[in-house]
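Trainee: After the structure tokens below, expect a handful of questions from me.
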Amino acid sequence: MSARRFLRPSVWTALVAFAAYWHTPSLHGPFIYDDVASLQMNVVVNGQVPWTEIMTRDFWGHPLQEPRSHKSFRPLTTLTFRWNWMVGSREEEDVETYGFHVVNVCLHAVVTALVTEVAAWVFLDDMGSLLTGLLFGLHPVHAEAVSNITSRGELLMSLFFLLAFLSLANFHPSQQQQEQQQHFTTTLIFVYVLPWLCMTLSLLSKEQGATTLITLTIRDFLVYQTSMCDFGARLWQRDASAVSFLRRTGIYAVQTLSVVAWRIWWNGESSPDFIYEQNPAGFSSDRFTRIFSVNWVYCLYLRDAVYPFRLAPDWSGVGIDLITTWRDPRIICVLLLWIGVLLCGISLWRGRASNARRILLTAFFAFTLSPFLLSSNLLVVTGLMKADRVIYLPLLGFCMIEVHLFQLLFVSRTTSATSQENDPCVHISTDNKALLPKTSMKLVGYLLMLVQFFFFAQKVHERNVAWSDPLYLWWSAYQVNPKSHHTRFNAAYHLTKKISNRQEEVEFLLRPAIDPYDGKPPTDSFLYAMTLRSLGRCEESLELVEEAFYAIELMKQEGRLRNTKESLARAESDLLIAKALCTDDFAIRGQLMYEACQVDPTNGYATEMYSKALNQVQLMKQMMNGRSMHGVE
């Protein structure tokens, strides 16, 4: 029995996923991207407040009731960060990131194993589940979710999401329809209580977990019912299976709504303070632009699933061109996407029962659409336009669809009697034959799949290298998406920190990304001003600083939560330092630096520069005194 368990496809897919993302430089790499805000500056994670405050603070450590809160409440994820921080802390040393990365890699391996087990319930054969698990575990899109510590919420959310599915699949009441009746307590625990608990834990890991029971309901319908029309007819006749499904759906709906209602209430009265720059497609005021641009982003996700060679951590602002006119050729892709979704909807409504249909619709509705729903900008507008991490779990549905097409095209397969015996209530037909059943075509198919695995593994290594160092990450992102101002700024910032003699390149990167009046953070103007100073262009630097100060005053007048005096204090302090360093008069320079320290006393850079200025003054006084004494002698 133990040998059979060891040979399960899920064991091997987990090992492959673990090996693919076990990259030593990445495991020992620094905190990158959002890690600074979610970990280093998070007062819950770094221990500045008791760990019990995870229930009153958001994912970034801000009190939920404060207007500035991001409202991303993920206490379970934050708790794992706190544990990692405690384990990785060393006296008089920086926190070691190794433990954080190891946990993420292990979670990805476990999720891949669960994905393989879930796929076995969908395909009803080992080969389908094995290929799905390998595609999922090796997919390069997952690099952001696995290698970026902050994205652990995706991994934990997926873990509990899949556990809920397996609980229902293994203990579904209809499983025992032709055998001994399942005990009521078993049904209560594994069909209703455990999935609800897993859904709650998934939600507390990341908000997308709220759709867990929706996926369970969709799969329940597609396996034990035929179509919406057929279900309606059977329900009218009070068929036991239809009535039982309706009862389960009602219970799942109440469970989901109760947890979601509590979650919304826990947020407080204010809403997240997102801005247009974060998600231009979702926040566009023009309906045509909003609808087609958001759907174009869906097409880009599909492109990344098929061809994951244009991956980057940021697509905000002008990183993705909006669709503003009917003459835009990208509309064709959007229309094709809608046609595909419409055909799936028609099949769900009145399609004939078949194994191929069941697999396809389950993959699309249950494992692609449902877990992606809260990231789609359909129900709520999110604070991001496109991010690889949000399709971590939805990619499972795409992997299932690819494997399903592979089996139809290259593998001679009919639904076996054994599969029917294992799941006697599945309403599927057995006339499903492969289009190309020849043995040679099987070989071609498997060779093509191996080639895909090879390229995926190569790309995973490339993404691991990118996520091992901030400069590698943002420079590779710039190569992929040079239009993104946020990407250009970060590439320039880390280039400045790591290589000091490449200021011309830094200026080139920052030049198109800097506009103080374009809603960008004033820190962008500060870095550009300092770069201009280092190139001896102080007049341009001072002009930019004055424009930035004026833009800050306009931002204060807007009255947004992120534009308060306290929120902009650091930017003002930095800009005063930039102005001081381009001022020839030493007395005025000292006064500006002193003012910078007064505006933001927590600005360590301003304090350091002011201290250096004071030391220079003292040194000059000593030199002058020495000269005076020498003259007297």
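Counting begins at 1 with the first residue displayed.
For all residues, glycine too, the Cβ spot is worked out from N, Cα and C.
Bear in mind that TrEMBL entries carry predicted annotations, made automatically and left uncurated.
Residues or ranges marked as signal peptide in TrEMBL: 1-19. What TrEMBL lists as transmembrane segment is 155-172, 184-204, 329-349, 361-385, 391-411. TrEMBL lists 269-341 with the feature domain 'DUF1736'.
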Trainee: Using Cβ atoms and a strict cutoff of less than 8 Å, what residues sit near the transmembrane segment (391-411) while being 6 or more residues removed from its termini?
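Mentor: Sequence-remote neighbours of the transmembrane segment (391-411) are 115, 118-119, 122-123, 127-128, 131-132, 135-136, 139, 141-142, 145, 151, 154-155, 157-158, 161, 208, 301-302, 304-305, 356, 359-360, 362-364, 366-369, 371-372, 375, 434-437, 441-442, 444-446, 448-449.
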Trainee: List the helix, strand and coil residue totals of the domain 'DUF1736' (269-341) as derived from DSSP.
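Mentor: Helix, strand and coil residues of the domain 'DUF1736' (269-341) number 41 helix, 0 strand, 32 coil.
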Trainee: Assess whether the transmembrane segment (329-349) lies in contact with the transmembrane segment (361-385), where contact requires at least three Cβ pairs under 8 Å among residues 6 or more apart in sequence.
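Mentor: Contact between the transmembrane segment (329-349) and the transmembrane segment (361-385): present.
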Trainee: For the domain 'DUF1736' (269-341), would you mind checking the mean pLDDT of the predicted model?
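Mentor: Reported value for the domain 'DUF1736' (269-341) is a mean pLDDT of 90.
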